[in-house]
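S.K.: Starting off with a structure, shown below.
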Amino acid sequence: MAVQTVATHTDLSLGPAAALSCRECGERFPLGPVFACEACFGPLEIAYDLPEGDPEELRRRIAAGPDSIWRYAPLLPVPADVAGKPNLNPGFTRLVKADNLARELGVTGGLYVKDDSGNPTHSFKDRVVAIAVEAARAFGFTTLSCSSTGNLAGAVGAAAARAGLRSCVFIPHDLEQGKVVMAAVYGGDLVGIEGTYDDVNRFCSELIGDPIGEGWGFVNVNLRPYYAEGSKTLAYEICEQLGWRLPDQLVVPIASGSQLTKIDKGLRELIALGLVEDRPYKIFGAQAEGCSPVARAFKDGHDVVRPVKPDTIAKSLAIGNPADGPYVLDIARRTGGAVEDVNDGQIVDAIKLLARTEGVFAETAGGVTVGVTRKLIEAGVLDPTLTTVVLNTGDGLKTLDAVAPTTGPSAIIRPNLDSFREAGLA
Ligand SMILES: *Cc1c(COP(=O)(O)O)cnc(C)c1O
């Protein structure tokens, strides 16, 4: 494995992060900008020396921390003084108790929407990028980069601007205008590639191996082990906001599948630390029918995820060859969950349902999770008598194209009462 060493890794201070460990064979490696095991080529993840001691004391310490993901710094691969550095301080987004939606769906056990549209660049990606930026700083990278389905490009552009790093990010050329503009406005370089996300990703892997890519930190490639840990904060926040309690069921969107696997990791850490009571929970994965390789494998009872060519309005989830697919299958099966998909029409209906019942405007990925939640309840797979948390990972303003054709003014009238009366709305 070619390692672009730009700093010595013996003096690294990434908080409780102790090493990289292989998710397949368990082999350990020193912290560095590497992502694949030298022994078996399996993906690497962070191993920790997590804080020991009184859970009550740790809960108090967290509660006294900042209103951002940095309140969980003792559980993340970041330096202890991270909150004082120039970053976007994402996280601690609202957990909406969705009683109106619950009534509509027949949920009696408590239904919540974890609304990550409230992050600085309006998607959950600010969480993962914030961790990757700290790793980039530690390894001395000067350019921040990524392959993106849209939201990640904006999050990287903004975080790099704030951290004073150069950014150069790569997206499929045909994304929604909201995503393209948001990725470009922060002043870094944005490159549209003629191809799918999977083509963009392959291109970035090539770039890393080339001298051009020297000194470049690709947040979701060579910094992926660090990046991925940012998703654990969703699990931490949900439990803390429920009063340090595990939800019974979670519905999580799947693009590469990284977020879902790290939410599971975060929940298991909270149990291990004694911060929440050890009770069973189920994790359900949600995909769009036009890109549902993991749902397909789950339904067919396969362990292998067969890649597809995406064709869906849920472009933020359009990864045809999801790196974490097999791990998602493991988690869904181990926890007693499932992986389900919904079609584009059901996604739009679900976006409108959430907006109409709770005043939350989700992007297409949120339409996928709400739509899958509805489908799983109707199928009797999701238990409506249990506490359920549905993730909305992005802002509806980024995917206006999805709802614009079927959403608009009830009437256009002349500015007088007669005209309003004629419109039949009085
Ligand atoms: C990236 C993204 C996800 C999930 O990504 P994973 O690759 O599965 O971690 C979910 N929702 C939105 C809006 C995203 O942009």
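A Cβ is built for glycine as well, from the same backbone N, Cα and C atoms used for every other residue.
Got these off TrEMBL a minute ago, pasting:
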DOMAIN    90-394  domain 'Tryptophan synthase beta chain-like PALP'
MOD_RES   Lys125  N6-(pyridoxal phosphate)lysine
S.K.: Through the lens of DSSP with three states only, how would you label Lys125 (N6-(pyridoxal phosphate)lysine)?
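M.R.: In the DSSP reduction, Lys125 (N6-(pyridoxal phosphate)lysine) maps to helix.
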S.K.: Report the same-chain neighbours of Lys125 (N6-(pyridoxal phosphate)lysine): residues 6+ apart in sequence with Cβ closer than 8 Å to its Cβ, ordered by sequence.
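M.R.: When sequence neighbours closer than 6 are ignored, Lys125 (N6-(pyridoxal phosphate)lysine) has Asn119, Asn151, Leu152, Gly154, Ala155 within Cβ distance under 8 Å.
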S.K.: When the pLDDT values for the domain 'Tryptophan synthase beta chain-like PALP' (90-394) are averaged, what is the result?
M.R.: 97
